[in-house]
Amino acid sequence: MTQSVKMSKCNLTDMDNMMDSLRLVIYIPIFVFGLILNTTALLVFCFQLKKWTESTIYMTNLALMDQLLLFSLPFRMYNSKWAANKRVFCSFLESLYFVSIYGSIYTITCISVDRYIGVSHPFKAKQLRSPQKALLVCATIWVLVFGATVPVYDFHPGDEGSFRCFHGFSDKGWHPALIGCLEVFGFLLPAAVLVACSARVVRVLRRSRERSPKNQACIRIIYSGLVAFLVPFTPSHLAILLQFFVRRGTITDCTLQANITVFVQLAMTLANVTCCLDALCYYFVAKEVRTSSIRRSFRQWRSTINSGSLAGMDPQNWTELSATQRIGGPEGRGQESLVCASPKTNTPTTANGRAELVRPNSTNSPSVSG
């Protein structure tokens, strides 16, 4: 939401031109690396991971949001003026950009809430979490953010001639109610939920008696999510607030306006780095889901052998049987869920090959499920 400040006493045209060149230098590597990282992530999620869990659904949704941002980025690089008859197309691109930004914000927030439920409320998680519910949440995010960007189509006055897309928003784009909703519901509320859920999950994992590699992997995922959220979005929303005060005439000093102009344009440019930072989340989740599946298959195979349920069975069928066993029976969802999901439960296997769910000892501290 960049805007060239045009006050009667302050001439910032030269600074705007300098920032145009600087933005181009920043946008090009963001576009190249973001396109590579997000395309790779989508290929991994869609073709390498065989089981769609809540985690992979949310991460795929986040990658799609980032791809939407990357689609609009070349048009943000274009600094020349647009013809008046391209106003609707420009507004459409601006709408897609805001959809990608705030869709990413809400997707990251939903990931943190989902993880909080899995770790802090493990016995309710099976009722509250499922791949179908994750899909419904993602669909709701798309509907809400598209609906919220409808006012963008009125940001450029219809009576002006040529204009710069992604620049020069009218006063309607800086209405106090709109900026207030943007700051509160677009950033402050999601940030508060994200930080609270992340702090709770980290606390539970660190108090756990089991210092397993998976617990540590979960903590790394949480920290990467915080970085992917706070680094790009905190400065950009502070910049929007400062620019709002300039537009309202609250800040009139030319030197201060010049400094704010630099900060606004840098912050809004660096906000696009979210499409690269999200790759941290993709990497840790994809790595942990893959290694978790290997460990789980080996444990189930070993448990089945120790139970004696494979006695007299053709060894060629052992792998197939152990791979299809799940906690709660062959048709149950079992514990195959989000990384950082829920405390471990002891699940011995009976002689007939069925898994029996045993309530964990109440004295045990919670740990992450395998």
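Note: Cβ is positioned from N, Cα and C throughout, glycine not excepted.
Whatever TrEMBL says is automated annotation, not expert-curated.
The compositional bias 'Polar residues' feature in TrEMBL is assigned to 343-352 (among others).
Residues or ranges marked as compositional bias 'Polar residues' by TrEMBL: 360-370 (among others).
Feature annotation from TrEMBL assigns domain 'G-protein coupled receptors family 1 profile' to 37-282.
Here TrEMBL flags 325-370 as region 'Disordered'.
What TrEMBL lists as transmembrane segment is 24-45 (among others).
Residues or ranges marked as transmembrane segment in TrEMBL: 95-113 (among others). For the transmembrane segment (95-113), the residues of the chain that approach it from at least six positions outside its boundaries are 55, 58-59, 61-62, 65-66, 68-69, 71-72, 76, 137-138, 141-142, 144-146, 148-150, 152-153, 166, 186-187, 190, 193-194, 197-198, 201, 222, 225, 228-229, 233, 271, 274, 278, 281, judged by C-beta separation under 8 angstroms.
According to TrEMBL, the feature transmembrane segment maps to 134-153 (among others). Within the chain, the transmembrane segment (134-153) has long-range Cβ neighbours (under 8 A, six or more residues past its boundaries) at 54, 57-58, 61, 88, 91-92, 94-95, 98-99, 102-103, 106-107, 110, 114, 172-173, 178.
If you look up TrEMBL, you'll see 173-196 (among others) marked as transmembrane segment. With a threshold of 8 Å between CB atoms, the same-chain residues lying at least 6 positions outside the transmembrane segment (173-196) that come near it are 1, 3, 102, 105-106, 108-109, 112-113, 151-152, 155, 225-226, 229-230, 233-234, 237, 240-241, 243-244, 247-248.
Per TrEMBL, transmembrane segment is recorded for 217-242 (among others).
The transmembrane segment annotation in TrEMBL covers 262-285 (among others).
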Remote residues contacting the transmembrane segment (217-242) - C-beta distance under 8 A, at least 6 residues beyond either end: 1, 101, 105, 108-109, 111-112, 115, 119, 179, 182-183, 186-188, 190-191, 194-195, 198, 201-202, 205-206, 251, 260, 263-264, 266-268, 270-274, 277-278, 280-281, 283-285, 287-288, 339-340, 368
